[in-house]
Amino acid sequence: LKDSNGNLELAVAFLTAKNAKVPQLEEATYYQTALPGNDRYISVGSQADTNVIDLTGDDKDDLQRAIALSLEESNRAFRETGITDEEQAISRVLEASIAENKASLKRTHPEVWSDSPNPYDRKRQDNCPVGLKNVGNTCWFSAVIQSLFNLLEFRRLVLNFNPPANAQDLPRNQKEHRNLPFMRELRYLFALLVGSKRKYVDPSRAVEILKDAFKSNDSQQQDVSEFTHKLLDWLEDAFQIKAEEERDGEKPKNPMVELFYGRFLAVGVLEGKKFENTEMFGQYPLQVNGFKDLHECLEAAMIEGEIESLHSENSAKSGQEHWFTELPPVLTFELSRFEFNQALGRPEKIHNKLEFPPILYLDRYMHKNREITRIKRDEIKRLKEYLTVLQQRLERYLSYGSGPKRFPLVDVLQYALEFASSKPVCTSPVDDLGASAPASGTLPPQIPPSTIDQQGPSSSDVPSTSPVQRSVIHKPFTQSRIPPDLPMHPAPRHITEEELSVLEGCLHRWRTEVENDTRDLQESISRIHRTIELMYSDKTMVQVPYRLHAVLVHEGQANAGHYWAYIYDHHQNRWMKYNDISVTKSTWEELERDSFGGYRNASAYCLMYINDKEQYLIQEEFNKETGQILVGMDTLPSDLRDYVKEDNKRFEKELEEWDAELAQKAQQEKLLSQIPRAPAPSPAPVQAGEPEYLEQPSRADISKHLKEDSVQAINKALAEQEDRGPEAIMDT
């Protein structure tokens, strides 16, 4: 249970997998089959099981004894354990499934890509974005780092970060000892993402520094929000050290704080006393369960407790409202899609669907718009109450009746109209039975047709023709009094033309009225929904736009899964999917399918919005002298440019070595192809009595023989052409 982190299913899987795969020594030697000559029994241990019955023969008594023995063992097991064989079988299947799932998790959890031996498979194509190699459950690292790297302002801050001058000496404290080396590795990693010639790069050195901070084993997958919090804290500390060194009597400004942190004002009442507090926030947490879109999550997060108490005097109730006073340029929402199940004692993932827009207007949550927002909230509340009343009325029209089965009222009136207009068609039950009976083969030919009226349908169940058997047949039509004439379908028995005319007129009129009422209710409900949706669409409420920059997606359950990111390319106006080493073009439709949730076990876990009016966040860097846009290696400082060039040289050397190796192999094959081969020996005749199947040589043996033959052939060629020199040999 400790190794499975409290996951009971995983603990059971550990136990079942160990018991199945690591049998004890005595168990391994306990089961042994009998000699080949005696194939009728299986010996268990040192003695043959007396309850084993041979069913390979034709003895029917053996089969009966086997069935009786099986029933006896089943009953005995049920008396001892209270569990049936079916339940035991289901339990074994479930345990095997859990063990298989655990084994599958063991196979997929490491998520480490082995590099292709062909370096051309790892070569970057043109200016495609560079991926990050998964070095062991580090998809969370790749998703967050790529999202931040594609924020050009953040990228510039990291690349142009210069460690403090005193950092060259021994670090003063633990933070400097940890954060400054991480910043160095992060700069190297960002530089490789900019100018590397590789398709993907290895982030192992930066990840190694993070492992100590998380204090977890290598196989445990990290939480994206936890890692993002830790990363921003480290970056904030690193830039704070630099800011304090460069300050000139003023309070130092930390660029990480200015980029990712905002402030909100908490206004509320606590036990009848009003209060106001200003708080700073980074990632803003939002509850997902019970909400359909991002605005509903935000509305619930901004209001806590009784709202009415905030505007009333002498109230003992408690409640508070949150109002943004300062929004950060990069606003990150942390979606709480995991909750702890008290009954099962484990965390579970919330797969509910949650929609979010590509453009999010936050005016309604700003402190400066609080009065307008409160008025609109009250109006929305009134509309929703009226909407509930209309929906209840509509439900009565669409689900009419007092019993468990209900039908639309329009259909009920239509059924009544059809019933009133039906004409009764009477027929005898015997004739109706005869019409529905089979044409032939049911009644025995010995029974005369006159007996059908006496015996009824039961006579067909009596195949015998003896008088004794016919005398005991039950005669339902003669012993029970049923009306001689019954209608074939429900219809009124007695109705005049005048009554029918009045009733049809009423039903037609009522049906039309119900249709009109239903349509009016549906239109009213649609209008109210539209009014609520457009409540914040006026110009005063669309002044603070935030554009969706990145979506971090989690696929899996609470205790295991995989992360990737959708990141918007603001210059190409398209979405890109960053999935570790794979970087591909994507669409908003694919993002919706993977991020909204509700369809499968993949959903958005973190949303990163940026202020759409702050263009510096995504603006390219320009050369101050020429005014041209800087791209690629030109955006790097000199030390990082040299670092990337060295890495590219190593990769180019790897490409050259691969080309040389291929050329050498091709030359060897050409040389071997010119050496005459000895005729293959004819196969030896198969002696009589030998089996038709023989043991085939393994691939290792074949490879060994081929290698020896190749060496002999090359030596022979060298011996024959020794006087011609190595150049002539290679030309050959």
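Just so it is clear, glycine is given a Cβ too, placed from its N, Cα and C backbone atoms.
Note on TrEMBL: of 97-128, 673-704, the range annotated with the feature region 'Disordered' is 673-704.
Among the ranges 221-248, 361-388, 501-528, 641-668, the stretch that TrEMBL annotates as coiled coil is 641-668. Looking just at the coiled coil (641-668), the mean pLDDT is 93.
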